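> Sharing the record's features from TrEMBL:
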TRANSMEM  A:12-30  transmembrane segment
TRANSMEM  A:42-61  transmembrane segment
TRANSMEM  A:121-144  transmembrane segment
TRANSMEM  A:151-174  transmembrane segment
TRANSMEM  A:199-219  transmembrane segment
TRANSMEM  A:240-267  transmembrane segment
TRANSMEM  A:287-311  transmembrane segment
TRANSMEM  A:323-348  transmembrane segment
Amino acid sequence: MIITSRFFNRSELIGFVALALVLVVILPLSLDVFRLNLVAKYLTYAFVAIGLVLCWGYGGILSLGQGVFFGLGGYCMAMFLKLEASSVENTKIQSTPGIPDFMDWNQITALPLFWQPFHSLTFTVLAIILVPGLFALIIGTAMFKRRVGGTYFAIITQAVAAILTILIVGQQGYTGGINGMTDLRTLKGWDIRPDHAKIILYFFEVFLLFGCIFIAQFIRLTKLGRILVAMREQEDRVRFSGYSVANFKIFAFCMAAIFAAIGGAMFALNVGFMSPSFVGIVPSIEMVIYTAVGGRMSIFGAVWGALLVNFAKTGLSESFPQLWLFGLGALFIAVVLAFPNGLSGIWADYVQPRIDRLLALRKSKSGSPWAGNSVADGAPAE
Amino acid sequence: MFGDYSIGELGSIFVMQGFAGLILFSVYVLMALGLAIIFGQMGVINMAHGEFMILGAYVTWMTSNLFQSYLPGLFSGYFFLAMMLAFLASGALGMLVEWGLIRHLYKRPLDTLLATWGLSLILQQAYRSVFGAREVGVELPQWMLGSLKVTDSIEVPINGIFVMGLTVSITCAVAYVIYKSRWGRQVRAVVQNRIMAGAVGINTEKVDRYTFGLGCGIAGVAGSAFTMIGSTGPTSGQLYIVDTFLVVVFGGAASLLGTIASAFSISQTQSTLEFFTSGSMAKVLTLLAVVGILMLRPQGLFALKVRK
């Protein structure tokens with residue numbers, strides 16, 4: 001396979017334009033603000049899904065603890081917003097004004113030390129990237145340097161997700177417990193709750209999402225991406241060729257963690273609260289299914305997967321709450337058994353060849369004999 | 001931490017908490033045994049294991065209800081029949097699942113994890129539709145109620161003793177089947193070298209199916225035992241699945257002894273810590289310790305050396 005000198009090849013360019021059209025033009029024009037805010041919520045999962053494409057699809061590392069990083073990012077953002085919402089004037093009725101309400105309910109009288117730096121937005125933005133990144137670095141180094149991989153890694157990340165959830169729920173005075181951090185109001189004095197703010201936040205999120213897509217696409221196209229794929233297919237050969245397999249795995253895992261954390265931070269901004277129900281084992285596995293449905297090898301597929309599964313979830317659970325779990329379970333099984341490359345695999349196998357044939361037919365009619373030989377969307381040889 | 005208690009009281013606390021830990025240990029061992037067989041011998045991650053366990057629990061519940069309404073005279077002995085039925089029901093469902101789902105995925109272990117998670121969602125919703133969302137409790141026969149007074153300050157509940165006895169006998173039976181019987185030899189042969197095992201005439205597909213069935217069946221028995229110490233709801237199984245996986249991984253997959261040792265150390269640590277800190281912190285500390293040790297020793301406590 002020749003690496004194209006262009007950033008996107010032809011089919012990827014179509015994918016990019018289609019996604020941009022839908023996210024930037026069609027959805028904002030056709031949906032009301034409430035639904036657009038829902039889309040913004042779904043898109044926060046798309047960040048996680050893109051990270052999983054890099055880490056799982058390309059690197060072959062299945063992490064069942066992405067909720068941990070999503071949560072860490074979200075909680076960092078929520079802590080900043082919560083501090084701003086608990087200014088002394090807003091919290092006059094508390095026994096200790098100036099601290100978040102849940103601390104007051106839990107008889108804490110002073111702001112804990114680790115909350116102090118979250119008064120600063122700069123620190124918060126850095127923390128959103130660095131805290132999950134460093135956490136992933138520690139887990140990744142401990143695991144991959146000792147050649148723990150595959151199923152063991154999946155189970156251990158799952159245990160980490162369980163630990164963090166129990167910890168957040170248990171330490172109510174410091175984290176808000178099971179209810180999480182609610183009632184987030186302003187960002188540097190700018191109210192995040194009214195409709196026009198929701199629209200601005202939506203576009204900001206789409207902008208960030210495309211940033212992440214570009215980073216992921218860049219990683220995919222460089223030698224780094226090739227090594228990740230090689231590692232997934234034949235880890236030993238890559239190791240014997242002199243590459244440090246562990247370092248590449250750590251890198252992929254950290255990137256996935258940072259993407260997830262950005263998603264989490266946007267979640268706190270868009271939805272206006274953060275709670276442990278987005279951290280634990282169940283949401284973490286659901287994040288994996290978005291990637292699996294969209295196609296674990298396709299960056300755009302991951303975004304579509306996150307959007308479609310969540311739309312289906314909202315639609316089904318609104319009208320048939322009984323059926324939703326059956327549907328989700330069946331979706332898991334069907335995707336794994338029949339379509340291991342998800343929607344993008346179906347697209348590359350069935351739709352793309354037809355489009356190519358049609359285009360080729362038209363071109364040959366108009367006189368230029370051109371055969372469609374586009375490379376399918378990075379479809380792997382499983 | 002220890003300051004407020006006298007030496008004698010501390011001794012009693014440790015014995016009582018130790019016993020509570022032993023009951024937790026029994027449930028862990030019963031669940032982990034099935035999982036260790038499936039994960040250790042076949043390399044399949046069965047996320048639906050908790051749901052197989054809950055199936056056993058529901059079968060026990062139904063049997064107890066049947067005995068109560070139609071055979072009240074035999075009620076004191078219903079449990080033994082219920083246990084067998086639970087084994088058969090979970091085992092049969094397990095074999096069906098292996099045939100329909102798992103056998104297509106042996107070469108993709110990470111995908112079995114996702115597929116069985118899907119299965120667990122479907123089973124949970126099925127339980128909710130059939131048995132209702134509320135938790136159900138089984139009425140225990142008279143002889144299982146009450147507790148045994150060992151000394152003035154130490155009491156042990158009888159149902160706990162029964163569950164422990166059950167665990168010991170099932171563990172012995174499984175050890176016998178795996179290490180002594182002809183079928184167990186075949187299972188181990190398939191684990192060590194699938195192709196060679198096939199070449200010498202072992203029907204590897206059949207061995208796989210029965211191994212999976214046995215693992216699920218033991219989960220069913222675990223569910224049966226579970227009804228005696230807690231109530232059963234559609235999602236009860238999910239609460240235990242991560243703990244159980246950690247038990248298996250911590251013990252070293254494919255090692256029966258390791259599974260027992262790790263179940264023992266995890267449950268004892270947790271129940272002893274539970275008395276001195278809050279329940280959630282005990283759990284966090286235990287899990288952290290397990291994850292920490294696994295980072296230092298990824299192969300688990302007892303590793304079986306297998307050539308790859």
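Any Cβ shown, glycine's included, is placed from N, Cα and C.
Note that the structure is predicted; figures quoted are calculated from it, not measured.
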> By Cβ distance under 8 Å, which residues at least 6 away from the ends of the transmembrane segment (A:12-30) in the same chain are close to it?
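Hits for the transmembrane segment (A:12-30): 36, 39, 43, 199, 202-203, 206, 209-210, 213, 217, 300, 303-304, 377.
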> I'm a bit unsure how to read this: which one of A:42-61, A:121-144, A:151-174, A:199-219 has the highest number of Cβ pairs shorter than 8 Å with the transmembrane segment (A:240-267)?
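If we count Cβ pairs closer than 8 Å to the transmembrane segment (A:240-267), A:42-61 scores highest.
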> What stretch of A:151-174, A:199-219, A:287-311, A:323-348 shows the most Cβ pairs under 8 Å to the transmembrane segment (A:121-144)?
A:151-174
> What residues in the same chain, six or more past the boundaries of the transmembrane segment (A:151-174), come closer than 8 Å to it by Cβ-Cβ distance?
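Distant contacts of the transmembrane segment (A:151-174): 61-65, 67-68, 71, 75, 102-103, 106-108, 112, 115, 139, 143, 276, 279-281, 284.
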> Using a cut-off of under 8 Å between C-beta atoms, tell me which stretch among A:199-219, A:287-311, A:323-348 contacts the transmembrane segment (A:42-61) the most.
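Most contacts with the transmembrane segment (A:42-61): A:287-311.
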